[in-house]
Amino acid sequence: MQRILLRGGKVYTPNPNRQENTILIENDKITGIGSDISRDLPVDQVIDLPSQYAILPGMIDVHIHGAAGSDVMDSTPEALTTIAKTLPLEGTTSFLATTMTNPSSNIEHALRNAAIYHQKNNHPGQAEMIGIHLEGPFINQNRAGAQPTSSIIRPDVSTFKHYQSLANDLIKLVTLAPELDDQTELTRYLYENGMIASVGHSEANFVQLSHAVNSGIRHATHLFNGMNGLHHRDPGSAGAILLNQNILAEIIVDGIHVSKDMVDLTYRLKGAEGLLLITDAMRAKCLNEGIYDLGGQEVEVKDHKAILKRSGSLAGSILKMNEAARNMMEFTHCSMYDLMKMTSENAAKELGIWERKGSIEVNKDADLLVVDEQMNVQLTICRGQIANRSLQENK
């Protein structure tokens, strides 16, 4: 058994009234917090932290395509390993491997690969792949954005069942255009079978989306992007999402995809309980400016933006989760407790893994993040193993 003791920083548990500065990790679990820890217990490693540092639950990114030169659609174990080893640098300890619209054979390869990776390579000490986000191909061509239009198809239950079989039931979240879902068949199937139906890359108007919520839409893919925006005569998809408390909305807080004032407005309307910070990052994250591939398309990364060369559309992002968190606090002045909901708690609850992830509590996975006052990542622990550190440690 390996024991690690973190001490010195402020531990953010779900209880704002609890003030603690120590955490005990045994193997892959949190086994003690503050006064729960026996002073006589021998430990293998002590990590001392400055008092101004914060110890937070590891972040969960439910919409991430790639990083460090690799993409989920590369369909290799090496690509997923690269992503899993890179994400702790930004404080992400769990993620949904996110696909994109492509020829069906490419999607099938990506799903098979993710299933094999999950079974054989999902090791501690790196971010855990907790499932798959199927973004496309069940979307609207008119809101495709960077999704290749030639491979878009209408929502179809039999096609989804085929994909889910290849993925070994790892598809947890499906982005679709509900206005194209005949009699909301796929939406209802997902909802009734414990998966998450998400509106995205859609032209649904306010009435259509409100109807789809009644059939099981419970999530929104990158709010404001790839959908009808707010208009004073039709609130559109965005308006329906803002008003409906049953919808948990992703938002890309880079100041590019959504303006900082709209982020603030959204936070005031949805509250921390209704939002998820995501990156929607592509393979160029953590790399230099240049030309990169996204689903067989050329993307130019320049001035902190990823732009599809053929159309000028935004093509995902190069955003890091700790940057999104920093921006959210700057744009909205939200508390650290609200931030934890938007980066960890909400995702864990939605995905049904709250019993082991999403907060700092005894018996949960030791997925921990240490940040300084500027949200710079100083230490990341994934299931009890140090995955990233810039701290000096005491043996």
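Cβ coordinates are placed from backbone N, Cα and C, and glycine is handled just like the others.
Any TrEMBL annotation is an automated prediction that lacks curation.
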Of HIS109, HIS118, HIS123, HIS257, residue recorded by TrEMBL at the substrate site of ALA146, ASN225, GLY226, ARG233, LEU314, ALA315, GLY316: HIS257
Zn(2+) site partner of HIS201, HIS222 (as recorded in TrEMBL), chosen from GLU135, GLU179, GLU273, GLU289: GLU135
Cα-Cα distance linking ALA315 (substrate binding site) and HIS222 (Zn(2+) binding site), given in Å to the nearest integer: 12
Additional residues surrounding Zn(2+), by Cβ distance to the GLU135, HIS201, HIS222 centre under 8 Å: HIS63, GLY136, ILE139, GLY145, GLN147, THR175, SER198, GLY200, THR221, ASN225, GLY226, ASP280
From ALA146, ASN225, GLY226, ARG233, the binding-site residues whose CA lies within 10 Å of that of ASP280 (active site, proton donor/acceptor): none
Intrachain C-beta neighbours of HIS257 (substrate binding site), sequence separation six or more, cut-off 8 angstroms: HIS222, PHE224, ASN225, ASP280, LEU314, SER317
